[in-house]
Amino acid sequence: MDSSHQSNYKLSKTEKKFLRKQIKARHTLLRHEGIETVSYATQSLVVANGGLGNGVSRNQLLPVLEKCGLVDALLMPPNKPYSFARYKTTEESKRAYVTLNGKEVVDDLGQKIILYLNFVEKAQWKELRPQALPPGLMVVEEIISSEEEKMLLESVDWTEDTDNQNSQKSLKHRRVKHFGYEFHYENNNVDKDKPLPGGLPDICDSFLEKWLREGYIKHKPDQMTINQYEPGQGIPAHIDTHSAFEDEIVSLSLGSEIVMDFKHPDGTAVPVMLPRRSLLVMTGESRYLWTHGITCRKFDTVQASENHKSGIITSDVGDLTLSKRGLRTSFTFRKVRQTPCNCSYPLVCDSQRKETPPSFPESDEEASRLEQEYVHQVYEEIAGHFSSTRHTPWPHIVEFLKALPSGSIVADIGCGNGKYLGVNKELYMVGCDRSQNLVDICRERQFQAFVCDALAVPVRSGSCDACISIAVIHHFATAERRVAALQEIVRLLRPGGKALIYVWAMEQEYNKQKSKYLKGNRNSQGKKEEMNSDTSVQRSLVEQMPDMGSRDSASSVPRINDSQEGGCNSRQVSNSKLPIHVNRTSFYSQDMLVPWHLKGNPDKGKPVEPFGPIGSQDPSPVFHRYYHVFREGELEALCRTVSDVRILQSYYDQGNWCVILQKA
């Protein structure tokens with residue numbers, strides 16, 4: 001029903017419900033995606049809930065739309081819960097608006113979805129993707145015949161005795177078998193002193209000899225891993241350890257096609273189609289610098305045209321659809337390296353780092369030790385330099401503090417150099433920080449501050465009218481400790497008290513806008529480098545989040561454990577090493593170490609540059625701070641686990657996710 005006609009007669013209960021849903025879809029599209037709808041009829045429509053991100057394929061949606069007229073174009077952006085349709089005439093689009101609004105369709109998983117249509121001025125979408133494969137990457141189609149594929153698949157006995165854990169394992173994400181050497185997923189490496197008996201299967205010899213002759217590989221592999229993936233399974237993004245294997249790594253895809261995601265440290269992402277019976281060859285930059293992984297999902301976004309079988313999935317949204325995954329088996333071949341790696345990518349090379357980064361924490365005790373070394377000690381060392389970069393308060397934080405009633409008692413948990421303690425002279429503000437040196441700077445500025453841990457603040461329960469926690473919670477190394485930090489903040493609040501929380505966002509490009517962190521001067525530094533600009537742009541999110549149990553919304557916000565559904569965990573393989581982030585680039589891991597180049601002559605000793613590349617000409621000591629960057633919706637999901645609190649508002653502010661909470 002057209003909302004412009006609602007005043008002509010009294011709406012029924014069903015019509016009112018539909019109208020609310022349609023308006024909600026319209027507002028969500030505007031807030032989340034910047035898509036503005038219009039109240040008058042045009043040739044173009046945006047179809048909320050009719051997108052590849054909802055599990056609706058081109059083959060499903062197009063026939064539904066064509067019942068109302070000739071569809072000139074159907075644009076389906078990847079991973080989005082909506083699409084754009086342009087009809088030949090405005091009359092046809094009006095017919096679709098009236099006929100299809102509120103229509104129920106069934107997605108590829110058999111779930112019911114309700115479509116909501118709104119007019120837009122133009123059906124358009126621009127998304128630039130690289131038109132070339134990562135350097136050193138090659139996909140060779142039909143490298144083997146269907147008969148050879150059948151022979152290889154039948155040679156794998158998944159029912160054999162699994163007591164020998166050196167050769168076969170059933171992982172959470174997939175089934176694996178190892179030959180030559182066991183591949184250890186906790187460190188993406190092999191034990192070179194413990195080869196497996198039997199070597200590689202004889203059936204592989206003829207294929208390997210052929211690939212050697214044809215130049216696809218330079219070394220005959222002596223290690224092979226067979227992975228079997230059910231639909232919906234995958235493998236986290238990773239780089240095979242440099243020191244473990246020689247340059248080329250090749251993978252043969254059997255049984256089903258798959259889309260593998262490659263990502264450069266600068267954020268460039270390239271989805272690559274690996275057809276059935278194709279050989280993926282990774283050498284050079286694609287092997288050493290780019291991460292590769294398979295996203296856990298049952299459908300891949302692929303080209304709809306028949307002539308596109310392998311290579312990059314382009315950004316032509318007029319030629320994208322969904323492809324249902326099948327049972328895929330991969331044979332991955334590697335040559336074990338016997339000497340240190342001397343590649344051209346020392347920042348990500350384990351052979352060329354002076355020290356080894358720490359592993360992901362597996363317990364609260366390990367997390368505490370990690371925070372002590374890579375958060376607390378670092379800020380003690382860099383406090384002076386850090387404070388010199390912290391001067392201008394952020395506008396939306398100032399707005400929150402100035403809106404509080406005069407005389408309010410406010411605690412700044414993790415106050416740093418006290419940048420916010422003097423913003424509103426009408427408040428009684430007190431700060432606390434884990435760093436003694438930063439607290440001393442606060443006191444030099446005549447602010448009230450003391451040293452404590454954010455998990456145990458020595459302040460009476462219910463004594464604060466408000467709290468702020470700016471760029472602190474992302475330094476806690478486990479979800480449980482992050483929740484505990486939130487609970488401690490809520491404990492301090494009186495009933496009705498409010499808290500403002502900022503954390504660093506995984507999405508440093510949002511609504512097609514890069515954050516100041518990505519655009520900023522690469523030579524500048526800051527404690528929370530995500531918070532180093534004098535201006536900010538706030539992007540409000542939906543304050544009343546849609547019901548996650550319903551597919552009847554234009555978009556949704558993930559719950560805290562969404563990323564773990566289907567056997568995939570957002571964190572990388574347990575015990576794997578924390579990656580070191582390249583400053584001023586997009587994130588490819590949620591948990592990482594972020595470098596800080598200490599400028600000037602530090603008073604305290606001469607700290608050694610940890611994990612720095614051999615031959616580095618930078619005389620500045622480099623420290624590394626632990627961060628967990630938050631995905632969209634993760635902070636809200638974390639807050640929902642805390643009792644006696646509700647979310648008043650959530651928004652995006654220059655590379656940070658932010659919430660305002662109120663205690664019940």
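Every residue, even glycine, has its Cβ placed from backbone N, Cα and C.
Among His184, His264, His292, only His292 appears in Swiss-Prot as part of the Fe cation site alongside His238, Asp240. Note on the domain 'Fe2OG dioxygenase' (220-337): its mean pLDDT in the predicted model is 86. When the Cα positions of Asn227, Gln228, Tyr229, Arg328, Arg334 are compared pair by pair, the longest gap among these 2-oxoglutarate-binding residues is 20 Å. Least packed by the Cβ count within 10 Å, out of the binding-site residues Arg328, Arg334, is Arg328.
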